[in-house]
Amino acid sequence: MLKIGVVLFTLLVLFPLATLQLDADQPVERYAENKQDLNPNERMKMIMSALGQRRCCISPACHEECYCC
């Protein structure tokens, strides 16, 4: 009887809990999907700002996001 109870508890309670998707996982997945939709210029801008690097700009168009070449 005890073995049947353990098997039923495992199948009816523990197995469904292990297969549920956590709510904390979903925003990360959505965030990654949103990043794939960016155009290459926006993606490069985000990567460069994260690395703390700036691009080289041609002299009349210099601004804070890049340095003059």
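Keep in mind that glycine also has a Cβ here, set from the backbone N, Cα and C atoms.
Annotation comment: Swiss-Prot describes Cys56-Cys68, Cys57-Cys66, Cys62-Cys69 as disulfide bond, evidence class similarity to another entry. Annotation source Swiss-Prot lists signal peptide at 1-24.
Shown here: features listed in Swiss-Prot, placed on the structure.
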residue: Cys56; record: disulfide bond; CB count, 10 Å: 9
residue: Cys57; record: disulfide bond; CB count, 10 Å: 14
residue: Cys62; record: disulfide bond; CB count, 10 Å: 13
residue: Cys66; record: disulfide bond; CB count, 10 Å: 16
residue: Cys68; record: disulfide bond; CB count, 10 Å: 11
residue: Cys69; record: disulfide bond; CB count, 10 Å: 9
| field | Secondary-structure category, per DSSP, in which Cys66 (disulfide bond) falls | value | strand
| query | How many Å lie between the Cα of Cys57 (disulfide bond) and the Cα of Cys68 (disulfide bond)? | reply | 5
